[in-house]
Structure formats: structure tokens, C-alpha cells
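Taken verbatim from TrEMBL:
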- A:Lys7, A:Tyr8, A:Gly9, A:Gly10, A:Thr173, A:Asp174, A:Tyr179, A:Arg184, A:Lys209, A:Val210: ATP binding site (BINDING)
- A:Thr47, A:Glu74: substrate binding site (BINDING)
- A:269-344: domain 'ACT' (DOMAIN)
- A:350-419: domain 'ACT' (DOMAIN)
There are 2 protein chains.
Amino acid sequence: MSLIVQKYGGTSMGSPERIREVAKRVARFVKEGHQVVVVPSAMAGETNRLLGLAKELHPDPSPRELDVIASTGEQVSIGLLSIALMNAGVKARSYTGFQVKILTDDAFTKARILSIDDANIRKDLAEGYVVVVAGFQGMDAAGNITTLGRGGSDTTGVALAAALKADECQIYTDVDGVYTTDPRIEPDARRLATITFEEMLELASLGSKVLQIRSVEFAGKYKVKLRVLSSFTDVNSTDMGTLITFEEDETMEQAIISGIAFNRDEAKITVLGVPDKPGVAYSILGPIADANIDVDVIIQNASLEGHTDFSFTVHRAEYKRAMEILQSKVKPEIGARGVVGDDKIAKVSLVGIGMRTHAGVAAKMFRVLAEERVNIQMISTSEIKTSVVVDEKYMELAVRVLHKAFELDKEPTQETMKP
Amino acid sequence: MSLIVQKYGGTSMGSPERIREVAKRVARFVKEGHQVVVVPSAMAGETNRLLGLAKELHPDPSPRELDVIASTGEQVSIGLLSIALMNAGVKARSYTGFQVKILTDDAFTKARILSIDDANIRKDLAEGYVVVVAGFQGMDAAGNITTLGRGGSDTTGVALAAALKADECQIYTDVDGVYTTDPRIEPDARRLATITFEEMLELASLGSKVLQIRSVEFAGKYKVKLRVLSSFTDVNSTDMGTLITFEEDETMEQAIISGIAFNRDEAKITVLGVPDKPGVAYSILGPIADANIDVDVIIQNASLEGHTDFSFTVHRAEYKRAMEILQSKVKPEIGARGVVGDDKIAKVSLVGIGMRTHAGVAAKMFRVLAEERVNIQMISTSEIKTSVVVDEKYMELAVRVLHKAFELDKEPTQETMKP
């Protein structure tokens, strides 16, 4: 007998019919002898409907009240799922975040979990109940209702699995696992049976939106075995989706490259003719940080006659604001020659834990792109990823040729594995 | 400065536009210098929508889980109304039943309020906040979410007014007060400026569905000044609706008859040829009570040669079940001659505190109905009401002729008042 936490997303909970299917799946695990804690999201569309009502009443609604409103979506889900479970012959009991209780900080709409009191859950599990806990929500020390932000139900699932020392946290969604890249871009994309936590982190943060990034960090911190599965397979399917593992636990061989991530969410900014002297990077990025604008890739070119060009990327939504700050404030202050930008860029990243010990990945990447005449505008590397910024129009081509060149459509062989 | 509790019904909260109107009305009272606690119901239709989802998943859903689901309607309302109040320039803060906290017993779907912790509310009021409390809901001692049953938001409003010793509890609804009878039946029905608590109780229980009966009982017990008003008048309207008073506080003159109530919800059952001996009433009504069927009017005719006919009314929905119990169990046991019933009846009641000291009301009622050839099937009287059961098809006629005969369309004069 094992203890499993199962999280079901909004699409999986989208209608009474879908909720019945979830109940059947949970009932199967119970019949197999497992203890199950279920964390459902709000029914698809419900959170947006509720927040839309709030927006009609105030251009900038109180975050505290938004959480009071938004948290009801999951509360409805736990009640409905518990009722469906009972109809499937399974003893079930629901808990709101408040009732568990899941204590968070007081950062309304983006709260962080501080602690979980698992006493009630353990007692119910021991008595043979399936425990249904509302995802996405908690309460702060003052008793206010809080929410964890979009995708927060994943975090609730992982946090509960950590608190209960569950054997596995299963994330049921409308995709059946993690792929080498987005199959809508590359039809030969292959599903990975396992992926390391660090690779997953890179793939999630780079745009493979299977899991909420904070939940993956959480899983890593507490060593929760995380599995991504589809809730749209047959209830009795033995498909095991993708398991997210922790490198130190793994003895199996690992492919050099696990997948290709990409995003179109960024814009590139270059400050031209910057005097090449100490503190200049701070003079440029300080005001950007003060405006709460996150910076991703940063590049400083070699100095030419005491002047250099300084480039970085920001989220596309912040592009205009960042340009204004640079034009009006930074440029005159540091005496730069000019500021130019481009919001029609894309970032493509190779991700793989095997890259650490395998030279030549970056070189091969650049060669493949060069052969297709894809101009590389910026390069950024870390231990387990190599990213390039290219013109947005080349993004899909770049993903496809790299996928083929690194043979991601094929099961890993000895040749593409490292010991 | 006075402290006012205002309860707004589901129609008043039916859309963002309506919620904005509620916020404007509350803001007016704040501007006039009052402290205000607001108790909103769920948006019209929402509770039925949620319970409908539950019914799709289980023929007989768990009451505990129904309360988890149904309570979200009011939770959304408190958040939205708080946001609308802030948009109207008023400081506001919402509380769920859980957060207040409103402690109830554990009778899910029909819980009773045991106590209210008013510490947070008092603190917020002192700091200039309008406090918005979810109606209809509470928590039991074990921390489960409970609801007070249909119309429970009225009870929440009155209970809060009692706990806070509020100067007045205003119930805003889609009617503008209590009328002498239903204006849809009698267009000359007149709105009452005041009505006593006991009359209101009779009018509410007899079908003038302005207020939930439990809330009126509650108001009576704790001497809460209760006022029924319309939320559909102009926000700046000085219309004061109908004030529900307590006889002992009143020095003003009182009309003999305040209003005419009626309902079509009952069915009549007669057990024929019952042996007239001690204990026979219990032999008949005992099994009915055991089946949780409520009985309203009860009549036992005079004995004729040791046998009598025994008649009573039950709710129309329980008619079939009651008939079965009587036919299969009671009739053979007591040796009755037969059981007959009629579910096409209506009850019409004159209600008035003045009746207590004014003879002849019943006689006049019977004369008026006789003149219209309305046959009276059953009669039941109490201190402040006289009810008759008639064929359903005569109900509207009976209401209209009695309304005219007792001059309810006219303001009370010396002649129709008692000192």
C-alpha cells in the first residue's frame, strides 16, 4: 500500500461528466489498495469568470477580496468531487485550505505556503477515507483567505505530498507527459519516460507549461517524486506519463539533451556606445530593477576603443516601459550613444543534464542553425542549457532542425547517452 | 450615529449593476454617519446552479459536502460587494461565516446559530470599515462548514444585529414592505407601516414570503428592530418600508386585522368512523409524526354513537405518503371506517393582534364567505388568527372579499382600531 497525492487540473474537472471520470480513476487506486489524497482545481473557466465579475466592479480590485472570491472555485470542486466519489462507492471527505489548515504568508493572490497541519488528513486516511483538499488556497496567520496564484493547485499537491511524505505526487492534466519539445511545433516530439528535476525546471521556466514552476521547485526541495499524467486516458490505463526524478537518486543513463524549450515572450534591448568603465552595468540595470522589471539574458560585448554595447532581454509586456526608462533616464546619465530594441525575437534552448560533461553541444547547435541560415542574435549558457535568441520568424524552424539534429525523436541509445 | 445591519437578498445582488446599486445605498448610510454591517445573499440563481451540479453527481448528495458547495455563493457575494464598496469610496472588509466566526450546530443544510464572535466586526467598525458578512453560513464546533437553510441570510442578519445590539436590522428585498395581502391577488392590498412581531410570524408562516420565519422568531427573541425595505427604490429614497415591532414596546393604536395570508401548499385528510375513545388521536397522528410529516390544522368532530371523524392537513408534498401510512397501518389498527383526502384545498387566514380583544371577527369572516357561497371545510383559530380551509378554486375570491369586508384597503381609522 502506498500513499498517493493526485492533482487534477481545471480541464479534468471541467464538467460533471469529467468529475465522474476523475472519481472513477481515484476509485481504481483505492481498489488497488492505495491511500489517496486528491487536490482538484476549479472547474475550467470558473476562476476567470469570478475574477471578471470583480473587474466589473473595480478597475484594481483589492487582492484580499479577490482571494475571497477566487478561492470559491476550488471549494466547489472539492464538494462536487467528494460527492462523485461517494457515488462511486468511495468514502470521501473534503477540506478547504482553511480547514486543513494550509498556513501561508499574507501575499494575497500570490501567497507562499508556510506550513501544513496534516492531523485531520492522516486521521481520515487511517479511517479509509479519500481526502479531497482544495488546491490553490490557504489562510494567513490572521485568518484571511489567501491564494497561491495561477497554477497554485500544483503547488498544493506537491506541498501536501511533502507534508504527508507521500510515495508519489501525480499531476493529472490534459497532456500525457513531458515531451522533447512542443508537438504542435515538431510532430516527431517524443514523450520522455523520465526527466530530471533540473531539466524540468528549465523546461518549465522556458515555456513547456506542463507544471507550475514553483511546484517543481517545491518538489525538488522536499524530494517529492512527481509524475505528470493525462486524465483523458482510459480510467484503467497503465500509462505512467513522465516521472520527474532527482539526479542524485538516479543510477540510470541519461541522454545528453532531454528537450528543446522556446518562448516568444521576450524582447531584446541594446544600449549602444556605453563607456566601458566599472559600474556601468549597474547604472543600466539598476533603474530597470527598481521598476520591478525582470531581466533574463544579459550580454556585454567586448570593448572597442573604450566603448561597448550592452544587451539584455525583458518580458515583452515590460518592453515599452524599459525602453522609456533607458531613453529618458539611463542614456543621458551614462552618456550612451543610443538605445535600440526589438520585440520580435524568440528564445530557443537546448536542455539536458548530460550537457554538463559533454562538450560540443553548443558548437553543434550553432553549426546546425548556421546551416539553415538562422542568425543568432544572443547566446546564453548554463550548466544544463544553451539558449539562443533569434528572429521570431525563425523560431519554429530552429526548434525543428535542432530536434532532428540531436535525434530527440529517437529513444536514447548508447551513443546519445552518457554513463 | 447608529449601528445598522443591512441584509440584501439574491435579486438585489443579481448582477454587477445591482451590486453597484447596493454599494451606493450602503455608502449613503455611511455618509449619513451610520456604522453599517452588510449581509448579502448569493447572486440570484447561483445556489440553485451549484446544488444542481451536486445533484448531477449523486441522487442524494452528502449534506456536509452540499454545505461546502452552497456556501461559496455568499462567499463570492461578500468579495464582490466589498470591492464595489471600495469603488464607491467606502472602506470595506469581508468575512465568511468561518472567519467571523458564526458557530452553529452540526445540522448540515439547516444548521442553527449557537453563538457569534463579534470581536473582529467591532474592531473594524471602530476603524471606520463597513463590514460585509456572508449570510446563510457558519461553522460547527469541529470546523465543518454549515449552512442555515434556504433564506438563512435573513437569520444571519438578525443574529448579527442581536449580537452587535444594532439599532436596526434592515432586510432589503424585491418587495417594499409587508402588505395586507398579496397584491397579485388583491390589487387594493395596502402596505403596512408597522406590523407586530406576532402578526408577522403568522403572515410569514402562512405564506407571505417576505421574511424567513426563523429570522422573525430570532428577532422576537432578541428584540431586534426589523425593517423590510426594497432595494429597488432610488438610492436616496427615504421610504421606510415596514417596521416589525414588538407589542410590548408599542403604545400606538393597533388595527383589529393586519392582513390576510393564504396558501395552497396543504392537503386535507379525514379518517372516517374512528372509535371515540382515549388515545385515538395519538394512534392516528403518532405514525404520521414518526414519518416526519408535519401536521397543521387538526379537527375532531363531535362523537356520533361512539364514532367520530378525524381531519387534519399536511404539506401537499407529503400527502401521498401520509395517505399510505393511514391506509396500510392506522386504519386496520384502530378499526376506522375509511380514509379520504383532498389535495385541492387552500387555507385563508385573517391575522391581527387586535383580534385578541375584539369579538366577532370569526363570525364576520364566516358570514362574508357564506354570502359568496364559499363552503368552509375546516376552521382553526388562535389568539391572533382565524383560518379557514376552502376549496382551492375559491381561494382568490375569499381573499378579495375578506380584504374588502375588513376594509384593509383603507388606512386604519378610530373605528377599526382598538385602544
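Every residue gets a Cβ built from N, Cα and C, even glycine.
Everything TrEMBL records as a feature, shown here on the structure.
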residue	record	Cβ neighbours (10 Å)
A:Lys7	ATP binding site	30
A:Gly9	ATP binding site	21
A:Thr47	substrate binding site	21
A:Glu74	substrate binding site	30
A:Thr173	ATP binding site	23
A:Tyr179	ATP binding site	21
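Annotated pair A:Thr47 (substrate binding site) and A:Gly9 (ATP binding site), C-alpha to C-alpha distance, rounded: 12 Å. Between the CA atoms of A:Thr173 (ATP binding site) and A:Glu74 (substrate binding site) there is a gap of 16 Å, rounded to the nearest whole number. The distance from the Cα of A:Glu74 (substrate binding site) to the Cα of A:Gly9 (ATP binding site) comes to 10 Å. The secondary structure of A:Thr47 (substrate binding site), as reduced to three states from DSSP, is helical. DSSP assigns A:Gly9 (ATP binding site) to coil in the three-state reduction, outside any helix or strand. In the three-state DSSP reading, A:Thr173 (ATP binding site) counts as strand. Secondary structure by DSSP for the domain 'ACT' (A:350-419): 33 helix, 18 strand, 19 coil. DSSP gives A:Tyr179 (ATP binding site) a strand state.
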